[in-house]
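Peer 1: Below: one structure in structure tokens.
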Amino acid sequence: MAATIIDGKALAAKCKARIKEEVEHLSKRPGLAVIIVGDNPASRIYVNHKKKDCAECGIYSEEYALPECARQEELLELIDLLNGREDIDGILVQLPLPAQFDEKAVLNAIDPGKDVDCFHPYNVGQLMIGEHTFLPCTPAGVMAMLDEYGIDPAGKHAVVVGRSNIVGKPQAMLLLQRHATVTICHSRTPNLAEITRQADILVAAVGKTGLITADMVNEGAAVIDVAMNRNEEGKLCGDVDFEAVKEKASFITPVPGGVGPMTRVMLLENTLTAAKVHGK
Ligand SMILES: Nc1nc(=O)c2c([nH]1)NC[C@@H]1CN(c3ccc(C(=O)N[C@@H](CCC(=O)O)C(=O)O)cc3)C=[N+]21
């Protein structure tokens with residue numbers, strides 16, 4: 001039987017309506033500062049999306065566009081200024097940064113209480129011990145999708161393919177918190193298909209078009225595709241062979257229209273949380 005297609009766009013719209021409602025009940029508007037450095041066209045599109053999302057939910061947003069040649073000190077000074085501003089609850093530095101930047105130092109400079117990406121080592125540590133305030137946006141978006149479709153991770157075997165700090169690792173943590181048995185696979189995993197075939201929940205987060213083929217998926221698995229790749233025609237696609245895998249899976253996320261819109265919602269959610277923590 002063909003899989004149920006998880007509609008990330010519809011769920012995102014529903015979540016945004018709730019966030020908007022909550023924002024209306026605060027004493028002051030939440031504020032998000034978005035910093036973009038250089039002119040990466042994908043980053044430009046994403047940042048525009050974020051601004052539009054904020055406006056839709058009544059969140060105040062400010063954009064800082066620094067030139068490609070900006071210096072590290074300039075960026076650190078800006079972050080410092082934003083750290084001190086009461087009207088700004090969240091700070092997001094769009095990644096990737098141009099090569100001259102020390103990404104780690106930049107992320108470290110953001111006040112952990114304003115780190116709505118959940119990239120600061122303090123927040124990553126909090127996540128590890130289950131004490132987190134902020135949710136890692138993409139992994140939390142995935143969890144919200146599982147919840148919405150009644151897919152309970154408890155007791156299931158969840159296989160995460162990919163071990164990045166922004167998706168694979170935090171995804172594994174969130175699934176673990178929800179009592180899944182978690183396996184993390186990556187580029188050096190020799191018997192990848194053998195392991196993915198054991199998955200009740202399979203999360204693909206590698207960034208390699210066509211990586212997950214139907215023979216790698218267990219009948220009835222829930223398949224979540226986190227990747228944002230461009231194919232030869234420049235079309236957005238994930239890691240999963242969607243057409244073939246949807247005939248085998250019980251649930252599957254499309255790209256676009258799956259995890260991407262939910263990632264954006266979680267940024268709004270974190271900004272709302274930060275505003276509440278800041279007494280708004
Ligand atoms: N500090 C930082 N935080 C991020 O969260 C962050 C980042 N840097 N750098 C880049 C990645 C990528 N990312 C996406 C989020 C949503 C969509 C999204 O909404 N995608 C739509 C399609 C968008 C389109 O058509 O291009 C969809 O899947 O339906 C895509 C990509 C956040 N990132």
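Just so it is clear, glycine is given a Cβ too, placed from its N, Cα and C backbone atoms.
Whatever TrEMBL says is automated annotation, not expert-curated.
These came from TrEMBL, pasted as-is:
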- 6-117: domain 'Tetrahydrofolate dehydrogenase/cyclohydrolase catalytic' (DOMAIN)
- 136-277: domain 'Tetrahydrofolate dehydrogenase/cyclohydrolase NAD(P)-binding' (DOMAIN)
- Gly162, Arg163, Ser164: NADP(+) binding site (BINDING)
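So that I understand the layout, could you describe where these features sit and how close they are to other parts?
Peer 2: The predicted model assigns the domain 'Tetrahydrofolate dehydrogenase/cyclohydrolase catalytic' (6-117) a mean pLDDT of 97.
Under the DSSP three-state reduction, Gly162 (NADP(+) binding site) is assigned to coil, being neither helix nor strand. Close to Gly162 (NADP(+) binding site) in the fold, though at least 6 residues off in sequence, lie Gly168, Ile184, Cys185, His186, Val203, Ala204, Ala205, Val206, Gly207, Val226, each with a CB less than 8 Å from its CB.
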Peer 1: Give the sequence-ordered list of residues that share a chain with Arg163 (NADP(+) binding site), lie 6 or more positions from it, and have CB atoms under 8 Å from its CB.
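Peer 2: When sequence neighbours closer than 6 are ignored, Arg163 (NADP(+) binding site) has Lys169, Ile184, His186 within Cβ distance under 8 Å.
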Peer 1: Go ahead and report the DSSP secondary structure tallies for the domain 'Tetrahydrofolate dehydrogenase/cyclohydrolase catalytic' (6-117): helix first, then strand, then coil.
Peer 2: 56 helix, 18 strand, 38 coil
Peer 1: For Ser164 (NADP(+) binding site), list the number of other Cβ atoms lying within 10 Å of its Cβ atom.
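Peer 2: Within a 10 Å radius of the Cβ of Ser164 (NADP(+) binding site) lie 15 other Cβ atoms.
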Peer 1: Quick check: which same-chain residues outside Gly162, Arg163, Ser164 lie with their CB within 8 A of the centre of the NADP(+) site CB atoms?
Peer 2: Val160, Val161, Asn165, Val167, Gly168, Lys169, Ile184, His186, Ala205, Val206
